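What Swiss-Prot records for this protein:
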ACT_SITE  20  active site, proton donor
BINDING   28, 96, 118, 119, 120  substrate binding site
């Protein structure tokens, strides 16, 4: 049995398949999920697991070279804004509708139980060398 890191077998397997440039959308429970990308739905109930918990767990496992979020997060969700700006100083902000369009090209979507608005970020995978 695995003793550390991400224990969810579906998520761990999906992460192992990612390569340079692939997109990973980490989203709240309300984000529309497009048809096409692989989805790992971790939502259990409202707020569980949180966006922050899932994002930090993923950042422990992934090399990220870029991140994009909806600009609406700045006014609608100060907590998520602070979290994203701390984790990604070069965070790119786009209109929410554009983020939804970009998510259709993600390789993986990880849905959380987050129940605060605009707690979504599209990560672009980097390489460790």
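Quick reminder: no glycine exception, Cβ is built from N, Cα and C everywhere.
Everything Swiss-Prot records as a feature, shown here on the structure.
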residue	record	contacts (Cβ under 8 Å, 6+ apart)
20	active site, proton donor	125, 126, 127
28	substrate binding site	51, 111, 112, 114, 115, 116, 117, 118, 119, 120
96	substrate binding site	70, 71, 72, 118
Inset, instruction - Let me know how many other Cβ atoms fall within 10 Å of the Cβ of residue 118 (substrate binding site). - result: 25
Legend entry - 8 Å Cβ shell about 28, 96, 118, 119, 120 centroid, substrate site members excluded: 27, 30, 31, 69, 70, 72, 73, 77, 80, 99, 114, 116, 117
Legend entry - Among the substrate-binding set 28, 96, 118, 119, 120, as the record gives it, the longest Cα-Cα distance in Å: 13
Legend entry - Three-state secondary structure, which DSSP defines for residue 96 (substrate binding site): helix
